[in-house]
């Protein structure tokens, strides 16, 4: 009996609900037909990377915010995985345009992906493309080729300058650059910009290490990577990792740690694209990167908008251990926010329907979570890009050390705190040390520094090798240069194990052995020259150098030397004045002075004696006439002048050695075709011929120590030596030879090290300290 009642009741209810169903069906149909209420946006990201996951969560947050606020317009995101493959990204873009009818495409982690998508989507379908990547070097006419492409990425040029300034701050002269081969040459532009930035600060890339792609490695133990990291001839221990996937960079540090490359005296620097991936690693992988420095774009974290976004982001990104948003998430959120603003304007103003123009306008002078931006030639740039230097400590990347801007460089306030000062205060370096690394393969007791000294030198006072002794015998090597080297080593703030070897050959050949890294340094009397600076790094010169000319003295001992102070004309004038004064005195004193009386001969004798003895102020005769006194006063004044001049000239002749007039001038030597001597192994021979213009046939090669027999036999008229050699020669042959002051200056005597060696700078500092103490 209940069944008819139940059926009637059900039918009655259906009739009541029927109008409601009609209304709902009508409403759904209108929404579906009015396609302007729904905007489809495509997002092409890397689903497997930390950056891609952050971008996806950030874009979803922005889309949900818009959908919750808008009652008339909805934004639907269509995500596609690119896998960092440009062709896969282009295929995804084509599918999104044709099937999902997207009105804009965002994403693309690499520039290769962005270029392919811009070609297929922007150029052909005229769909706005907003990429999170940009080329390091902007191609010419880029805006004309891709008019619908908007690039929103890190300023790679500014980031490379930041890294170069970091290298310069610690005086690292050589670096090793590491990057993963992406198959498309993506790091070439970044490498070129980094090379130029390093050159501007006086550093250079010593070696480029290209890592194979993960898919190309056949051995799961990464044996190929270990082989690549064997750097037998590379001394630099400053490693800059430009780009790499997370698996590759993880194994890179594992292998480097195993090989001892992430230890004391080494430094590792990673770029932002790598630093942003590390938060998803576990503690075991992060421990291999302890002490690494990295760069990250600065953004404000103390705003209400950032706090709100962080809460919403962490809700969606809760599966990660570190769910704080990075710069890539902020850029993705800002991009979607601008797209939603464009949609609002298009909805409120039907006359504005061009999404591309709206996006270009909104991106200009927009302040978002990632900073204040401006739009220029298709690129979205920050008004003042600012980078933070981070330090990986205890497996975390949140230790921020210092900030950097292109206009100021590193923040002065943090510099004053010693954050990146020479002692590395506040930074934990590889090997868990706080002192700044040398960035160089420093010598150890197992691998000592190989020092080369010249076997034959111009003067043994500087370097002397006793070939009868073994190399291990310290007495085998002697001389001023060796003693100075040992003194400097003892004054260094660290231990420097070394071993010395001697080789015969020219200085240039010895320097070539340092340049090709057979030896670490050359110690000896080596002159700094401009062409030699291209081969090695020199220390501060410890002795000044210049071209000095040695010539024999024209020194003749003569019995009549006392007559040389005056010329014969002067002697005649002096004698004439003497006779004239004698006659005047006799004439004036004869009438009244009894001492001038007597026979005529006695009068003349007395007058002559009086005048002559007055030369030595030894006269005893009295003078009666006032006129005689006037004459005598004038005579004594003349006597004073004559005696002073005579004494000065005679003293000068006895103490100052005079040169032979025939060899006092270089031009005279060339005009007379005089023979000159020079060391055969010295650069002086070439200097005399090329610079000073001497004929090669007139340059005589003389052996070491410059035997004086070459002068005595008239084989040479002059010898050209460097100033320190000339001083030694004069000290050994102090009689019979003299030297001229050097008119041609050279760089001085110095020690030579491999280019980029920090030990050269430490030696320079020690030499300057010794020179300052000596002064």
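Glycine is no exception: its Cβ is also placed from the backbone N, Cα and C atoms.
Per TrEMBL, domain 'Ionotropic glutamate receptor C-terminal' is recorded for 450-775.
What TrEMBL records for 1-32 is signal peptide.
The annotation transmembrane segment is assigned in TrEMBL to 568-588 (among others). Residues 596, 603-604, 606-608, 610-612, 625, 627-628, 631-632, 635, 638, 642 of the same chain lie 6+ residues outside the transmembrane segment (568-588) yet bring a C-beta within less than 8 angstroms of a C-beta in it.
Listed as Cβ neighbours of the transmembrane segment (630-648) (distance under 8 Å, sequence separation of 6 or more from its ends, same chain) are residues 565-566, 574, 577, 581, 584-585, 588, 611, 614-615, 617, 623. Marked as transmembrane segment by TrEMBL: 630-648 (among others).
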State the mean pLDDT for the domain 'Ionotropic glutamate receptor C-terminal' (450-775). 82
